[in-house]
């Protein structure tokens, strides 16, 4: 029986019977010894079967794995055993405060279990979709408009994106590139109340028009900034005519093969409205940067783009993520363009079109290189907007009220939107141990033996399943740090939306920030308070363990929970020490060294030279000269490179920033050269972009080199050691600052 035949009513009936039987078995009450045996056998079977199968990130619809389904069902079975026991045996009822606190904790756990079950459903069989080749007859290819919406991004960032968009491998008579500038609107230039805003809008308008003329792309703006990004794109739709629309954020640089890998699907499937691709980033997010994990482990977004979107694609529920996506104009215009009732217009647009019966698709090949916010403040601004937007969608356009959505798509959208409600649960998980330690509020009725029989198997299975599904793209317990840090700031934003679903406004995420020195984030104080309360809570726990011997089982369990919370909070301190960011552009490691030749009569012959890593501003070269070269800092040298032996050489002028002799032999002298790119013409700018961004294989290589699975216990050890190391660095930094200020005051 295939998972894809769920829409047939006889099959659906059999599935309903099977699910009810499964729930009945999971709910059967057992004495402790049989429960120990059942949980032990289920865990053993789970871990043995998960070892026999790997996380299949290349399954197709025809390749559904029964073993994979069995592994998921074993983990879900143990979680449901815990849920039924937790529901009927552990809720406190001895006083109103304990009842309320216990119910809040229960609801937080219930939310977590629901999202866990929805996640298991979504990811039961991820589909790795391959590109569909375009027909040989180019007259059959659809016309494409590439739209780059911008508000306040720097011209240097836009030049790179627009150049790469113009150079995409696609017939030029079928391709138009548009910069949709919302920072130079007529209103901002002529009618804004602030003269400084008017002046900046005029400067930006003229600068970007000149840039577009130089590159050979089209400049669009509008009268006023209504409805933010959605309104900007909709205004552009009125002046463009391409059958397909590729939307790129201002910092999302496309590879040359983007349309070659995506446009074919729109010919194959006439009802396809969306083909989404991953958002791939060249720089670490603030948590990765400040904890120094970027080169060690997969990035946080890879769980979504590496597995979850493929799981959604299996159920037909892939949604628009705002950029790196191709949409069909005909269907988009049927709903009036990009939807704008929420501040996550992308997912809202996808649900509106799914509700009309149109299809979406996802290709997991990374084909854009973008930037993440450099500071924790910028990161939080972005994530709060996502959380608020998803809650808006759930309140204003609930998937369960859309009559034409399939059951699978309703579940998929519930999973995607419901995930962002995690701040409510995380806040309760942080506060609940303190409520018990400090006020004696009973939040959970169970002894240690019952916890070992029900709660521990559930936790082990949940951790194991998460590692089974996402292990190569998300290490164990990393999500806990991310969610803990976001919760304290997203929670007020979610409450605001709950009170008034139309209240939030679109805020542009700051990117490309330059940080001169280390500093403590302005968002640190709430974490100081929670750490202080946690230390007081530990003192209260010792008191309770000593003077209330009958409560020792509960104190042990809650203390373990509080220690875990404390580790997450200490890790948060490590993130909140913002590390300096002086590099103006992120470096990219090239999967294969790129050969370079120098065109200079003043230099001796070069036996060979290579580029090993580069950014949009410069590169590290390694060169072997026949005799010592006369290179000096600041010298301008013309160089040539080629990406493949069959390619033509591309000219690229460089300025020498540093020269270091690293070795010699009788016939060659090895030097490492720090080179700054010095493009003066459009062709030279194009050469820089092509070196860095032309190959999607290069982006795949940079992702894959960090893909390695880590066991649950190694993951816990890694997160703990990283949190303690960088949390202590934060404390040391604060102490040194206070001592420095104290010394200054005495002087």
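For all residues, glycine too, the Cβ spot is worked out from N, Cα and C.
Residues or ranges marked as transmembrane segment by TrEMBL: 12-30 (among others).
Among the features that TrEMBL reports, transmembrane segment is placed at 36-54 (among others).
The transmembrane segment annotation in TrEMBL covers 66-85 (among others). For the transmembrane segment (66-85), the list of distant contacts is 22-23, 25-27, 35, 38-39, 42-43, 45-46, 49-50, 52-53, 56, 59, 110, 113, 116-117, 120, 124-125, 450, 454-455, 457-458, 460-462, 464-465, 468-469: same-chain residues at least six beyond its ends, Cβ to Cβ under 8 Å.
Feature annotation from TrEMBL assigns transmembrane segment to 97-119 (among others).
According to TrEMBL, the feature domain 'Glycosyltransferase 2-like' maps to 244-464. Summarising model confidence by region, the domain 'Glycosyltransferase 2-like' (244-464) averages a pLDDT of 95.
Among the features that TrEMBL reports, transmembrane segment is placed at 419-445 (among others).
TrEMBL lists 451-470 (among others) with the feature transmembrane segment.
The transmembrane segment annotation in TrEMBL covers 527-548 (among others). Long-range contacts of the transmembrane segment (527-548) within the same chain, counting only residues at least 6 positions beyond its ends with a Cβ under 8 Å from a Cβ of the stretch, are 430, 433-434, 437-438, 440, 488, 555-556, 558-559, 562, 565-566, 569-570, 572-573, 576.
Annotation comment: TrEMBL describes 554-577 (among others) as transmembrane segment.
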Across 36-54, 97-119, 419-445, 554-577, the most C-beta pairs under 8 Å with the transmembrane segment (451-470) come from 36-54
Beyond the flanks of the transmembrane segment (36-54) by 6 or more, those residues with Cβ under 8 Å of it: 30, 65, 67-68, 70-71, 74-75, 77-78, 81, 452-454, 457, 460-461, 464-465, 468
